[in-house]
């Protein structure tokens, strides 16, 4: 018996709930039918034709999809929050079961033809016709999503340490300011749901309302809302993948001058660095904006690195040529000896080349310094009279001539060897000078390319 009573109570509750749903659905159906009956969505929703429709526009930025530097297009995911009052869509909630808000298809009511003026590629107007929210006071809120591709003048002068000021210009396409007025919901777009980009960070963003008078209609204003977005690029990717490798190539080029010329690998290392740099530039060239409006910083640095490497090859050829010079082909000028052997090594703290002193060279035995007493076995004092029988001895005379020839030949070989060693020493001094000079050029060149822009960013930040 108790079980039966529970079943009855449940059945009664189910019937009452179904009746409520039917009545609620009936109220909403009747409300929508009454609102849209004789409704003309072409006519502006105003009580008098002299009145204007006041529309509040709010831009909600969801995502920065892509920045195309070459075509100067910025692709964004946005939501346009639009609010206005339609005087023909009002009702008394008491007459419709207390319903205060309903959702209607946006195709069934009047909509402002809000478009993106600086559209670059895609749809100017909103294409996703989502439902709108209607209040019993006639207030409409419509927040359709949109993918905008807006034109933005991309300035690549400071790439990859650049900032871009991009805009979105929104306005009513058909009506002038006397028919439809638009106002920004806030002086800043809504970034509460913005998804951070891995390449860009938003530094500032604002919106302004403009009254524009065109030449066709000088007395009638056309209204638009322009949103400005200042975006700063995150340069980490380009620093790690482009700038640091180029810097390493430059330092590797400097090491060419530290490599001894006798090793025979100077040109091999120089050409290898040049080929490696060329292949590297071919790989990363797609990362750099291919535009002729300006030369980006990273392009300047890559050009500097290429010139730096080629210059090192040219001067390496000069050093190798100097190293292999000989007295039979080149005579060392006095100014070269004075600068590169006597002056620069002392100034730059090089270890001077060990050469025989004049005293030692004078003490060496040559044909002109032969002691005749060593040959005759007698001590000879004073001048030697060469008409002695000793000199007239053919064997002794032949021996002296042979010793004299050998001594002169040895002297000539030693002078040639000393001259060749001097050329090698000059080449070594030039190598050390170029090592210091190219190291300074590498550091100063890198700093001069990037330092100015980095200082500007630090002051702005």
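The backbone N, Cα and C atoms fix where each Cβ goes, and this holds for glycine too.
Residue 174 and residue 398 carry different topological domain names in Swiss-Prot and therefore face opposite sides of the membrane. Below 8 angstroms of C-beta separation, residues 242-243, 246, 249-250, 253-254, 256-257, 261, 266-267, 270-271, 273-274, 277, 281, 288, 295, 427, 430-431, 434, 438, 441-442, 445-446, 449-450 of the same chain, each at least six residues beyond the ends of the transmembrane segment (301-320), sit close to that stretch. Taking Cβ pairs closer than 8 Å, the transmembrane segment (267-285) reaches residues 241-242, 245-246, 249, 252-253, 255-256, 259, 302, 305-306, 309-310, 312-313, 316-317, 320 in its own chain, all 6 or more past its ends. When the disulfide-bonded residues 152, 216, 217 are screened for a C-alpha within 10 angstroms of the C-alpha of residue 165 (N-linked glycosylation site), the residues that qualify, in sequence order, are 152. Each of the disulfide-bonded residues 152, 166, 216, 217 was scored by other CB atoms within 10 A of its CB, and the lowest score goes to 216.
DSSP assigns residue 152 (disulfide bond) to coil, not to a helix or a strand. DSSP assigns residue 217 (disulfide bond) to coil, not to a helix or a strand. In three-state terms derived from DSSP, residue 166 (disulfide bond) belongs to an extended strand segment. The two recorded residues, residue 217 (disulfide bond) and residue 152 (disulfide bond), have Cα atoms 27 Å apart.
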